[in-house]
Amino acid sequence: MSKSHRIPSYLSPSRWALEPEESTFAPSSRWSNKDMDPVPPAKRTWTTLNYVAYWISDATNAAVWELASSMLAIGLSWRQALPAIAVGHIIIATVMVLNGTIGARLHIAFPVLNRSSFGFWFSYFSVISRVALSMFWFGIQTYTGSECVYQMLKAIWPSIARLPNHLSPGANITTAGMMCYFLYWLIQFPFMLISPQRIRWLFLAKAVIVPPTWLARLIWAFVKVPSSKGLFEQHSTLSGSALSWAWLSALNAALGIYSTLAVNIPDFTRYAKDERAQYVQLIIIPVAFTLCGFIGMAVTSAGIVLYGQVLWDPLRLIDQWDNRAAAFFASFVFVLTTLGTNISANSLSAANDMTVLFPRYINIRRGQVICAILGGWALCPWEILASAQGFLSFMNGYTVFLGPFAGIMVTDYWLIHRGKVDVPSMYRPHGRYRYTYGFNWRAVVAILLSVPPTIPGLINSINPKIKVGGAVHLFDVAWLFGVSFLLYNTNFGSDRSEPHLIAQFFVASFVYFLTSRLWPALETFVDEVIVDDDASSTADREGSDKAASLEKNYVREDVVEVKP
């Protein structure tokens, strides 16, 4: 074959293969790499202060502002919206710590840990879902950052507002907006090459710089519009069942804004110095997000009085300001906070997941680059953020799969295996977590019983012309339904449509717990947590004999335990 017909060396797969690590538990480099392996002690650098800084910086993100103020846009009052934010983040914080403790104890990432509950091959379903969702959110945050860049440029050169638009009116973005989107994408790209150990310093800087600017906006709102005319005079425009479902939808949106991180928080807690370092999340998450939600609603209420419209997007509010210096610095702060959140919560999460899909060729750094290219341009985030209702619909749809994922992981580790897992076996396709052909059918059943009921509502939210009847309300509480067993005493379609919803049990968690206790996978049980390779190999060899000898008594004991 002539040289002109030869494949360039840089296109050869072997050219891009990563160097395998000797420390891996996997049988070959096909199944693991350095970024997938348990974090060594020298790289466990995150302290309590780092987790406090992380969540303070994330709570002051533009998306949190949009979440709170969009609740006003759909007709809720601040007295109704604030409890939805608080309750939602208390729930999320609880799940965050339960899953985060697993990562802090075992020092392994979510996509590896997930194999112990889903099965080696079925875990890829949750991993691929997480990759797609992270890329969606990456695009959303990149668009928000581009709005910040636009306001910064407009403050310097006001003529940018008169830049001719060559895009169609229905595109929901202008030529200037697309230019700013590209500029922000270029700004954040170098930061995606920073390691997870060092990115924590960016969170600390955000936690120091950003909160004072939010406080300044709150003071501005109360100075410009007295409380007697602004926030405290604002009332709900909804009543009856419409108010109830709007509140539940707002609660679900509050759950959805960081429900992805509740699933893959082990990606970050695995860097903790010890498991106690991340316990602070239980307090800092609901406090920080509720306070920031209040600020967002207060400033939005002031905007209603000053400008006669619900400016639920903070960048649109800044666009109304005449003070160019204030507009520049306010926009710069949002650039900073959006930058850190997008890298940590989205690109790093997607990158961790992609290392499991192709560990021989993708590490965390390469995964972030792929996320930047696909997540940054394959989506149209300006379409999603075109309206407040669209934003909430997107957040609701975001939660359809995540509730069941979190419920199954928490139940498996804490209630079924009670913290006694085999870490080396999570890296082996034929290890103890293979279950049945790589699928844990118990997790499959839990997903099938918790996700499909919310799909009609998701379809209706995307296309309201498709009528699905009362099933639309299950989508309004998608995350709650995903982890909750809902009992309805509702007569949809009649004159009396007041819903009576009682969240009694977690659907995915309950189903998984019940099936795992009635039909236990005994080969996955160990007497103590295993982190040593030799201990794991011995336990694997003895697993089948132990399962056979214990099966009769174990099943009898479990049947007694699960009876009412």
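Sequential numbering from 1, following the chain as shown.
Note: Cβ is positioned from N, Cα and C throughout, glycine not excepted.
The transmembrane segment feature in TrEMBL is assigned to 81-106, 118-140, 173-194, 201-222, 242-261, 282-307, 327-348, 369-392, 398-416, 437-459, 471-489, 501-519.
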**Message:** Cβ pairs under 8 Å only, please: of the recorded stretches 81-106, 118-140, 173-194, 201-222, which one is richest in them relative to the transmembrane segment (282-307)?
**Reply:** 81-106
**Asked** By a Cβ-Cβ criterion of under 8 Å, what residues six or more beyond either terminus of the transmembrane segment (118-140) are in contact with it?
**Response** 63, 110-111, 260, 263-264, 342, 345-347, 349-350, 353-354, 356-357, 371-372, 374-376, 378-381, 384-385, 394, 398, 401-402, 405, 408, 428-429, 431, 433-440, 443-444
**Request:** Please work out which recorded stretch in 81-106, 173-194, 201-222, 327-348 has the most C-beta pairs separated by under 8 angstroms from the transmembrane segment (398-416)?
**Result:** 81-106
**Request:** State the non-local partners of the transmembrane segment (173-194) in its own chain: residues 6+ outside its ends, Cβ under 8 Å from one of its Cβ atoms.
**Result:** 142-143, 145-150, 153, 160-161, 163-167, 202, 335, 339, 342-343, 347, 365, 368-369, 371-372, 376, 382
**Fill in**
Residues outside the transmembrane segment (201-222) whose C-beta sits under 8 Å from one of its C-beta atoms, at least 6 past its ends, are 49-50, 52-54, 56-57, 60, 191, 194, 230-231, 292, 295, 298-299, 301-302, 329-330, 333, 336-337, 339-340, 343-344
